[in-house]
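Let me begin by presenting the structure, written as structure tokens, before commenting on it.
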Amino acid sequence: MGIKGLNSIITEHVPSAIRKSDIKAFFGRKVAIDASMSLYQFLIAVRQQDGGQLSTETGETTSHLMGMFYRTLRMIDNGIKPCYVFDGKPPVLKSHELDKRTSRREETEKKLAEATEEAEKMKHERRLVKVSKEHNDEAKKLLELMGIPYVNAPGEAEAQCAELAKKGKVYAAASEDMDTLCYRTPYLLRHLTFSEARKEPIHEINTEIVLQGLELTIDQFIDLGIMLGCDYCDSIKGVGPVTALKLMKEHGSLEKIVEYIESGEANNKWKVPENWPYKEARELFVKPDVIDANEIDLKWTPPKEDELIQYLCHEKKFSEERVRSGIKRLQKGLKSGVQGRLDGFFKVVPKTKEQLEAAAAKAKLAKKNAKGAKGKVTKRR
């Protein structure tokens, strides 16, 4: 689910923190990708002309494998070295959110049974898509045969992606979930695994610029995310993105915000959930269950051609001609991928206080100019 309204806050208040780029801009970069999120996208988006999922003659779904194979190839073609991270056991606090998802699925199943029009049926069917253990296992087998590394996270995949990025094993974490920022990844890439046909640029969010532009510490930013509503606990009823940011700037922490609301000074406009586990939720962001990135060795190896043909073509009935063509692209891309970026030859020096202040000032100016532009009317010549 991610964090409600966080993207809109960043877009409005710190637009300079989001850079929209073509995939070619990430040539030479290593990226840790949220595998479960990607597989979910593939199961929904990779479809036959009639709208059904791709499958073998015996009914085995193959949309996830088709998506994984060709989207990974696209990254390799553009000089990106992907590493996929799979979810482990969800935190106990997430059980409430998972229960809500189960209830929504049951409701959707009822609507599907009652649906009469084909378009309506298709809409409900897509909402019922779920990544299974079998989907994950098949994707891991495919990646292993392709020579693409993957990591089995002990907990949340986004947290492990952020850990790899923080420790410099990869450049960025890639996920659609905005809560990845709360795990302190230096960069978050969104839309990386989208279909090329969608022509959607990749959104690169710089966490440091976000914090500077919002004038929040990382701890306050995490508290803001929890207040907006995350997978670990409910939000404060009646508090939307605008109010949440205002309260965080005025009070500085969830403890003080809760104290302010419960004191009655807010005229009972908002209600804090009973036994609200915001401190436990905060702990999951600050100290997530991850493998230390220094213990992980990411290796990209040559694809196992014969085994890939056997798996994709003979077992999953993919076109052998297309798979062989894909393998050649994979071999070429992984071979040429050793060429690094120019900035890889230089030591990264931490930004000075003056540089950070300049970045924050630039973000404020961009916000001011954006507001001014909205009020202007362009005359026709």
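Glycine is no exception: its Cβ is also placed from the backbone N, Cα and C atoms.
Since the structure is predicted, the reported quantities are computational estimates derived from the model, not experimental observations.
Record features (Swiss-Prot):
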BINDING   Asp34, Asp87, Glu156, Glu158  Mg(2+) 1 binding site
BINDING   Arg47, Arg71, Glu156, Gly229, Asp231  DNA binding site
BINDING   Asp177, Asp179, Asp231  Mg(2+) 2 binding site
REGION    1-105  region 'N-domain'
REGION    120-251  region 'I-domain'
REGION    338-346  region 'Interaction with PCNA'
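Shown here: features listed in Swiss-Prot, placed on the structure.
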{"residue": "Asp34", "record": "Mg(2+) 1 binding site", "contacts (Cβ under 8 Å, 6+ apart)": "Val85, Ala157, Glu158, Cys161, Ala173, Ala174, Ser175, Glu176, Asp177, Thr180"}
{"residue": "Arg71", "record": "DNA binding site", "contacts (Cβ under 8 Å, 6+ apart)": "Ser38, Phe42, Thr193, Ser195"}
{"residue": "Asp87", "record": "Mg(2+) 1 binding site", "contacts (Cβ under 8 Å, 6+ apart)": "Ala35, Ser36, Ala153, Gly155, Glu156, Ala157"}
{"residue": "Asp179", "record": "Mg(2+) 2 binding site", "contacts (Cβ under 8 Å, 6+ apart)": "Gly2, Ile3, Leu6, Glu158, Gly225, Cys230, Asp231, Phe285"}
{"residue": "Gly229", "record": "DNA binding site", "contacts (Cβ under 8 Å, 6+ apart)": "Ile3, Lys4, Gly5, Ser235"}
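Highlighted in sequence order, Ser36, Met37, Val85, Ala153, Gly155, Ala157, Ala159, Gln160, Cys161, Ser175, Asp177, Thr180 have their Cβ within 8 Å of the centre of the Cβ atoms of Asp34, Asp87, Glu156, Glu158, the residues recorded for Mg(2+) 1, and are not part of that set. Glu156 (Mg(2+) 1 binding site) counts 29 other C-beta atoms within 10 Å of its own C-beta, drawing on all protein chains shown. The helix, strand and coil residue counts that DSSP assigns across the region 'I-domain' (120-251) are 71 helix, 18 strand, 43 coil. When secondary structure is read from DSSP and collapsed to three states, Arg71 (DNA binding site) falls in the helix class. Its Cβ placed at the centre, Asp231 (DNA binding site) has 22 other Cβ atoms within 10 Å. For the region 'I-domain' (120-251), the model's pLDDT averages out at 90. Set side by side, the binding-site residues Glu158, Asp177 differ in how many other CB atoms lie within 10 angstroms of their CB, and the most is found at Glu158.
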